[in-house]
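*Asks:* Take this structure, written in C-alpha cells, and hold onto it; I'll ask about it next.
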Amino acid sequence: MSRRERARPARGGYRPARIPVATAAAPPALAKTAWRQAEARVTLHRDAGAGHRWLELAMPRAFPLPGAGQFVQLLLEAPAPVLLPRPMSVALVRRAAAGPVLGFLYAPVGDGTRALAALDVDDRVLVLGPLGRGFPLEVEGVPVLIAGGRGVAPLLFAAETLERQGRRCEFLFGARDAAHLVALAETRRRLDRMGGRLHLATDDGSRGVHGTVLELLDRIAPHLPAPRVIHACGPHPMLAAIARWGLRHSVPTFLAMESIMACGTGVCRGCPLPRSESERRRLSRARAPLPSLYGNPEFAMCCTDGPVFAAHALDWERLG
Ligand SMILES: Cc1cc2nc3c(=O)[nH]c(=O)nc-3n(C[C@H](O)[C@H](O)[C@H](O)COP(=O)(O)OP(=O)(O)OC[C@H]3O[C@@H](n4cnc5c(N)ncnc54)[C@H](O)[C@@H]3O)c2cc1C
Ligand code: FES
C-alpha cells in the first residue's frame, strides 16, 4: 500500500468517535473510526520541564484529525530498541497548509519513550491513528476539566474544542508539588486566551490549594451552576477518586484511562479493564452481542471501548 493510500481519509471525512449511549437492549455499536498509518516528520522537540518532553509531528495532508482524548500509536523506525509502538495521547492538533501538526507531551520512562526522546527535527516516526474514543464533549453542562500531571495536555486540547462550542471551562490541575505542575506557564497562557479558569492544587501546598484535586473539586463544585460535566485525565488512583465523586454526586464523569498496549486496535486483547457490575449485567442482558473488538462482558478493551470511559462503566474497586 502506498503512503498516499495509507493516509487517505474515510469517505465523508472524519467524525471523532463518541461514547455511544448505552441501553439495556443494545450494547455499544462499534464506533466509527478512520485510523490510518502514516509517516510523520518531527518538526519540534523540546524539553517541557518536570521531566517531560514536547513533540510535534507534521502529518500528511489527508491524515484524519484526532479528537480530544483520542490517541495514536508511535512506532520508531528500525533499528529501534522496542518492537511495538507506544500509545500517546494527542495534546494538540494544528491545521497547516502542508497537513495537520500533532503535539504530544510525554515522559521518557522506559526504552520506547527514551528512544523517542532521542529523535531530532526531521527524523521520521510511523503514526497509527486516530485511535479509541475521546471525551464526549457534546455532553451538556458546565465543563469541569480535571488534570493530574501530564494529563494536562489532552485536557487543554479538550478545552480548546469546548471553546469552539462557545463553552468556557473550569480547569483543575494538581500535582505533588509546584515543580511537577508540568507546562504550567503554557496552560495558564492558553486558558487565559480561551477565558477558561485555572485552579491549582499541590499535595505539599507549594502552589494553589494545599491538597489533592479532589479536595479542590470539593471546594469549587458547590459554586458551579448545575448541570456540570467532568472530564478527567491523570493517574488511575486520581481517576478512581474522581469517578466515585461523580457517581456520588450524580455528575456525568468521563475518565481517560491507560493500559499497556500492543496493537491499539482491539485485536491483541492486551489492554483489558474490568467492567462495573452494572455494566456487566447490562451487557449480559443485551440482545445483540458486544462487538468483539470491545472485549467481552467482563472486560473492556482500553484501546477501543476507551480510552475514555464513563464513571459507571468500570469497576473502580479493582482499578483504584
Ligand atoms: C491511551 C494512552 C495514552 C497515553 N498517553 C501518554 C501521554 O500523552 N504521555 C505520556 O508520557 N505517556 C502516555 N501514555 C503512556 C505511555 O504509552 C507509556 O509510558 C509508554 O508506553 C512506556 O513505554 P516505554 O517503552 O518507554 O516504557 P516501558 O519500558 O514499556 O515501561 C516503563 C514503565 O512504564 C510502565 N508503563 C508502560 N506503559 C504504561 C502505561 N500505559 N501506563 C502506566 N504504566 C505504563 C511499565 O510497566 C514500566 O514500569 C499513554 C498510554 C496510553 C495507553
Ligand atoms: S492494545 Fe491490543 S487490544 Fe488493546
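Every residue gets a Cβ built from N, Cα and C, even glycine.
From TrEMBL, for reference:
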{"type": "BINDING", "residues": "R86, P87, M88, S89, G112, T113", "note": "FAD binding site"}
{"type": "BINDING", "residues": "C263, C268, C271, C303", "note": "[2Fe-2S] cluster binding site"}
{"type": "DOMAIN", "residues": "35-137", "note": "domain 'FAD-binding FR-type'"}
*Asks:* I want the residues beyond R86, P87, M88, S89, G112, T113 whose C-beta is within 8 angstroms of the mean position of the FAD site's C-beta atoms, in chain order.
*Replies:* F71, Q73, L74, P85, F104, Y106, L116
*Asks:* How many whole Å apart are the CA atoms of C263 ([2Fe-2S] cluster binding site) and P87 (FAD binding site)?
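*Replies:* Between the Cα atoms of C263 ([2Fe-2S] cluster binding site) and P87 (FAD binding site), the distance comes to 9 Å.
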*Asks:* Provide the three-state secondary structure of T113 (FAD binding site) computed with DSSP.
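*Replies:* Where T113 (FAD binding site) sits, the three-state DSSP reduction gives helix.
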*Asks:* For the binding-site residues M88, C268, C303, which one has its C-beta crowded by the most other C-beta atoms within 10 angstroms?
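*Replies:* Most Cβ neighbours within 10 Å: C303.
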*Asks:* May I have the list of same-chain residues other than C263, C268, C271, C303 whose Cβ is within 8 Å of the Cβ centroid of the recorded [2Fe-2S] cluster site, in sequence order?
*Replies:* M261, A262, G264, T265, G266, V267, R269, G270, M301, C302, T304
*Asks:* Mind running the binding-site residues R86, M88, S89 against ligand 2 and keeping the ones whose CB falls under 6 Å of it?
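*Replies:* Near ligand 2: none of them.
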*Asks:* How many whole Å apart are the CA atoms of S89 (FAD binding site) and C271 ([2Fe-2S] cluster binding site)?
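*Replies:* Here the two Cα atoms lie 16 Å apart.
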*Asks:* In terms of Cα spacing, which of the binding-site residues C268, C271, C303 are within 10 angstroms of P87 (FAD binding site)?
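*Replies:* So far as Cα distances go, the binding-site residues lying within 10 Å of P87 (FAD binding site) are C303.
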*Asks:* Just the binding-site residues from M88, S89, C268, C271 whose C-beta lies under 6 Å from any atom of ligand 1, please, or none if there are none.
*Replies:* M88, S89
*Asks:* Give me the long-range Cβ neighbours of G112 (FAD binding site): same chain, 6+ apart, Cβ under 8 Å, in sequence order.
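*Replies:* G112 (FAD binding site) has long-range Cβ partners L76, P81, V82, L84, R86.
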*Asks:* Taking every protein chain shown into account, which of the binding-site residues C263, C271 has the largest tally of Cβ atoms within 10 Å of its Cβ?
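*Replies:* The residue with the densest Cβ neighbourhood is C271.
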*Asks:* Comparing the binding-site residues S89, T113, which residue's C-beta has the most other C-beta atoms within 10 angstroms in this structure?
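*Replies:* Sorting the candidates by Cβ neighbours within 10 Å, the top entry is S89.
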*Asks:* Per DSSP, R86 (FAD binding site) is which: helix, strand or coil?
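*Replies:* The three-state answer is strand.
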*Asks:* How many Å separate the Cα atoms of C271 ([2Fe-2S] cluster binding site) and M88 (FAD binding site)?
*Replies:* 14
